[in-house]
Amino acid sequence: MAAPMELFCWSGGWGLPSVDLDSLAVLTYARFTGAPLKVHKITNPWRSPSGTLPALRTSHGEVISVPHRIITHLRKEKYNADYDLSARQGADTLAFMSLLEEKLLPVLKHTFWIDAKNYVEVTRKWYAEAMPFPLNFFLPGRMQRQYMERLQLLCGEHRPEDEEELEKELYQEAQECLTLLSQRLGSQKFFFGDAPASLDAFVFSYLALLQQAKLPSGKLQAHLRGLHNLCAYCAHILSLYFPWEGAKAPPPRQTPANPETEEEPYRRRNQILTVLAGLAAMAGYALLSGIVSIQRAPSARAPGTQALGMAEEDEEE
C-alpha cells in the first residue's frame with residue numbers, strides 16, 4: 001500500500017487554517033477536491049522536508065515545494081477542481097491568476113510585511129509567538145527582508161523613485177483589482193457557478209488573509225469590507241470547508257508529552273539544528289558587533305558554555 005501524501009504548511013491564526021498565503025491556497029484546493037492529505041501544520045519551516053512551506057511529500061517520496069506544482073501534482077492524482085471547466089473558463093482562470101499576481105500580490109506583501117504598524121503589531125507578533133526559540137528571534141526579520149526583495153522585483157523597472165507615489169499607485173491598482181473581482185463574482189457562490197475551482201482557492205487565500213487579520217493600518221482592508229459579496233464569499237468558504245479549523249487560535253509554543261509523534265517527523269534532529277543555528281547566529285552577531293572579543297584566556301569558560309547549550313536544548317524537548 002502506497003504511503004499517504006503529506007502536506008507541510010504554516011499553522012493557522014486570525015480565524016484561518018493557515019496565516020500563509022501559499023499554504024492557505026494549497027490547503028483550500030485540497031479541501032475543494034477532497035485530496036487525502038496528511039496535513040502537518042507547523043511553525044518551523046526547518047521541519048519541512050524541503051526547508052520551506054508549503055511542501056508536499058508524495059506517496060512515492062518526492063518532495064514538491066512550489067504551490068502551483070503541488071496543485072499540478074494533485075491534478076495528476078485525479079484531484080482536479082477544474083475538470084468541468086470550459087476552454088473559455090480555463091482562459092479566464094489564467095487571466096485572473098495573472099491579475100492577482102500582478103495587482104494584488106504586491107500590496108498584500110506590502111500590507112503584512114512592509115507597512116511598519118502592521119508588521120510590528122500583527123505579522124511579527126504572530127510569528128514571534130508561534131515560532132520556537134531561537135527561530136522567533138531572527139527568522140521573522142529575515143522573512144521580511146525576503147519579502148522586501150520580492151516586492152522590488154514585482155514592481156520592476158516601472159517603479160517610481162518616490163516611495164509614497166509607489167505606495168499610492170500600488171494600492172490604487174489593488175483596489176481596482178478587488179472591484180473587478182467583485183463584479184466578476186456577482187451573486188454566484190463561486191467564480192464559475194456552484195462548484196469551486198482552482199481560481200477560487202487562490203482568490204480566497206488572498207481575500208481571507210486581508211479580511212481576517214486585525215490590521216491597524218488597513219486601507220485595502222477597508223475597501224474589501226465595502227465589497228459585501230466578496231466578504232460573504234470568504235465567509236461561505238470558511239464555514240463550508242474549514243468549519244472547525246478556521247476557529248482555531250494562533251498556536252502557542254507547546255511542549256508535547258511525546259516528542260517523537262508521527263505529527264512531528266525528525267523533531268529531535270531539527271530541534272538540535274535549530275538550537276545550534278540560533279547559538280551560532282547569536283555568537284556571530286556578538287563577535288561582529290564587538291560585544292565579545294576573542295582573547296587568550298584559560299579554557300575554564302568552555303564547560304559553562306556547554307551547559308548553557310544543553311539547558312536550551314532541554315527546554316525545547
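Yeah, the Cβs are placed from backbone N, Cα and C, and that goes for glycine too.
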Annotated stretch (transmembrane segment, per Swiss-Prot) among the listed ranges 101-121, 164-184, 206-226, 290-310: 164-184
Other parts of the chain folded back onto the transmembrane segment (164-184), taken as Cβ under 8 Å at six or more residues beyond its ends: 96, 99-100, 103-104, 106-108, 110, 155, 191, 203, 207, 219-220, 223-224, 227, 229-230
Site with most surrounding Cβ atoms, counting all protein chains shown within 10 Å, from the recorded sites Lys38, Lys78: Lys38
For Lys41 (ubiquitin cross-link): DSSP state (helix, strand, coil): strand
Separation of alpha carbons, Lys38 (ubiquitin cross-link) and Lys78 (ubiquitin cross-link) (Å): 17
Lys78 (ubiquitin cross-link): secondary structure state under DSSP, collapsed to three categories: coil
